[in-house]
């Protein structure tokens, strides 16, 4: 008998609700085709929660997420709530506390250049023609963003500011294992990014990654300095499979990977804890300027569902079915407005219907 799963659905603001609707259409197709027992519950978050409950992350939303196997998150924020104090605004008051509450230490950001979308890639045509499919695995809770001491002191010419890069062994070990396990589901290659020619924290990082690599003899490990990595991503992104990064370096490289795909509407994201619980969301924002117009690209939200199935529900077949359906739609020239470039475009609803149908048909 198949296991029962429960997903907490947090549509949020802007285009969040309408692209979430498309992801749930696809989830219905997955349920039917793979006979999976998956239930969902909806909760307010972000600006919608401020409007309805007076706070961006109500206790009922947190409790609902605690009772779920995973969280499918839409997007939060918009000009309507920008006048509020920073810690009460949708982004800082909802998403960051959720990450902290559930101890989400790893961030996974796939960046893929799909066949037929090479013209959107800002790289030279001969480089884009090779395509790329990269997974950036970023450590989220350690490093220079959280290390102590940090601050400012002194005055005049002696005024200074300082931050501290700190990594503990356990932090490096667990993020490295995420990267190696992910590589086993892909092309069996990990490139670990550091600055071990200068930084003590990077020397430790490299040593521990080498140790963890012995547990994965089927995965090829290479090391690369961060400055070289930023260059190699522009020169030949097809050489990479999984990038393993510290918090700071991952912050930089994940955005670079996103940019070279040419469309934020295609990029999902996953944040995981040690138990496999995850929060899955599009990498883009709430796009309030196009909200409610039925023109937003829902693919990032649908791909976020695929990540959820793969990493939190261990349903790789279902995740792959979604990815194949998206590939088929794009190969057939089906585009939302952000990808149409003057050609005929389908609506948000139509794109969701097409992908759901392809999942059901098993393309």
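Glycine too: its Cβ is placed from the backbone N, Cα and C atoms.
Among 109, 152, only 109 appears in Swiss-Prot as part of the substrate site alongside 99, 138, 227. Checking each of the recorded positions 99, 109, 195, 227 against residue 287 (NAD(+) binding site) by C-alpha distance, the shortest gap belongs to 109.
Counting only same-chain residues at least 6 apart in sequence, those with a Cβ under 8 Å from the Cβ of residue 78 (NAD(+) binding site) are 13, 14, 47, 90, 286, 288, 291. Ranked by Cβ neighbours within 10 A across all protein chains shown, the recorded positions 99, 109, 138, 195 are led by 138. Note on proximity: among 86, 195, 255, 295, the recorded positions of the record, the Cα nearest residue 99 (substrate binding site) is that of 86. Packing around residue 255 (Mg(2+) binding site) is summarised by its Cβ count: 13 other Cβ atoms lie within 10 angstroms of its Cβ, all protein chains included.
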